[in-house]
Every structure is written in C-alpha cells, then in structure tokens.
C-alpha cells in the first residue's frame, strides 16, 4: 500500500526527521488559507497522487501569492494528473499539499527497500538526487552507495557515517545524516515498510539536510498490524478492479489483452500468461485466486475479469492440491450461471480429482470447454478469443 507524500511526511515528522511545514488541502479555499498558517512569502504546491514525475507534468509549482495557490488548486482538484508512471487516464487529485519554500544548495538521494537476494533491508544513497534513481542505476550504477542492515543488530551509526563520508558531507551534515538514517531505519521496521525514498534529500543554503519529498510503501501482508496506516489508504489511486479484488483476497493486475486468466497460484498464473502469449494470445489480466478457490471467490473473480470490456474469452487453469478439482468445477459452473458469462470459457483442471472435475464440467450442459492439457487450453482459448 502506498502513501501520499503528505502522509509520508507526517510519518517522517513522528520520527524526528526534518520536513517542511505543510498542509494538505481539499479545496482551493483551504489551500489559499494554508499559506497564512504556514507563513512566509513563497510556497510550493504539489498535487497529491501515487506517482512520480509530477513536476514534469505540471503537478508541482513554486508560487508567491495566495491567488496562484488558489489557481493551482482549481486546476488540479477533481482532475487527473498524467505522468510517465500513470496510465493514459492518469490518477485523480483530491488533495493539494501546500508547503513552505526551501532554498536548495544541493540534492541527494536516500532510500531503503527489502532486498530479496540478501534477505535484508538495504539502504541506498547517491549524490544524484532529484532525478529518477532507476536511470542512475542503469547508466551510472557506481554512483549508488549501499548499506545492508543486519536484522539482528539493526541499523548502526557507523553505516550512516560511512555513507555520509562517501556523499561528501561535512562533519555537521554527517551528524544530521546519521539521525535521518537511523530514524528511517527504525520507521522501516516499526511500520512494516516495503520501500521508502527521499528524492531529493536536499542540502539547504544554510548547509542543513532536509527531506524535500517522501515516498512510502507499506507491505500489504502486514496491514493487519498497522491499523493507523490502513486508515491512510486512498482507494481512488488504485485500479477499481484491483481494489475490488483486494477485498476478496484475490491478487489481480489489469493488463492490455483480451484473454481473461483465472489461476490458483502466482507461479502458475505467470506460467499460464506465458503460454497464452506463446500461442499468439494476449492476457487481459493476472489473477491468482489462491488456495481457497471457493464458489464465492470464483464468482467475484469472474465479475472482475468480465468488467473489462476487452475480454473475449476466459481461461481457468487450476492445479488441485489441497483444493479438489470437482469442487472447483462446481464453483465454476455456479459462477458461470450466476454471473451470466457470455464469452467462451476454457477450463484446464489437473491434480486432485481432475477426472471427476472434467466430468462435472462435461455434464453441466454449459458452454464450457474442458482442455486436456495446459498447451491444449492455451490453443483453445486463443482460438475462442479470435472467434474461431
């Protein structure tokens, strides 16, 4: 789950990190009034969406009057911001962050992520702040400094000092950097984060370090023990179908094809999409119904898949281990009848009671095509999607 910038900065402030004074406004009037509360004669206004590239898209602006703030808010509130990280429709803007202006002498990058290869939290820092870190990693990987955090000891001050020296910071700045580094490391563990970024972490004209941005993502598997963070969830920033799927504990990702896929198991789901592609088809989605593929979940999965008007056929690929294939077949039949599926449905069942499941499908009298193998299923569904 992602947080908005203003929410991330609220967390930063709780952990003693230096952030700008800011107010998230929901109306143009609130945005203009925020300038009086913040004070000063220059402000930065930022459209709040879960996407990078806002500056290039016009979603961030330096202003020097309340009239400019109000004009910016009127332009974006209620509208969609399109950046290189969004789809063609963009993401809706429901809040504008108004912040005090910070004079910048230099820009750095600081971030942390769970690294699967080392099975550790890894911090990354770079002198190339304010730009896309992916681009830096690709073109000049030597400019990215790393510190791997041992889960037994946690982040250590010496690691922060080592990064600070390599970033070219002076002694006072290294002390500030150490406090930021340790604060972020504690927050990462306390809040069950999957990723955090400060891009840029700036050096002000006075020579102090300041967190100018905040990107925070929480591990969705840990949301049950982070109720306060769960309240910060903004469903408007998610694909409507993906949000619906999450309510039913279905893993769904929308794609651009015309063949709907319903599979139990993430690995099998990816393999299914690969073989559909191999035989000339285009998957419309990734959908993992998991181990508990009950009739109710299959019904909801059908509803989600068929809410995409591009879907011309559906492939169901189930490996029966704990789940019996005959029960899955009954669930599929019930779902097809309840939802009123109008497109061809190809089903491949393998494993526990697979033959019985195939018989249940054959005896149903519905337009359900039982495949003999995964290859056969892919060939059949591609033909069905093409109307052959």
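Every residue gets a Cβ built from N, Cα and C, even glycine.
The domain 'ATP-grasp' annotation in Swiss-Prot covers 9-244 and rests on sequence analysis.
According to Swiss-Prot, the ATP binding site annotation covers 46, 53, 54, 55, 99, 102, 107. In the three-state DSSP assignment, the secondary structure recorded for residue 46 (ATP binding site) is strand. The Cβ of residue 46 (ATP binding site) has 5, 54, 59, 60, 96, 97, 99 as same-chain neighbours under 8 Å, each 6 or more residues away in sequence.
The Mg(2+) binding site annotation in Swiss-Prot covers 199, 213. Sequence-distant contacts of residue 199 (Mg(2+) binding site), defined by Cβ-Cβ distance under 8 angstroms and a gap of at least six in the same chain, are 109, 110, 111, 129, 130, 133, 213, 215.
The substrate binding site annotation in Swiss-Prot covers 264, 321, 322, 323. For the recorded site, residue 322 (substrate binding site), the DSSP three-state label reads coil.
When Cα-Cα distances from residue 107 (ATP binding site) are compared across the binding-site residues 264, 321, 322, 323, the shortest belongs to 264. Most Cβ neighbours within 10 Å among the binding-site residues 53, 55, 321: this distinction goes to 53.
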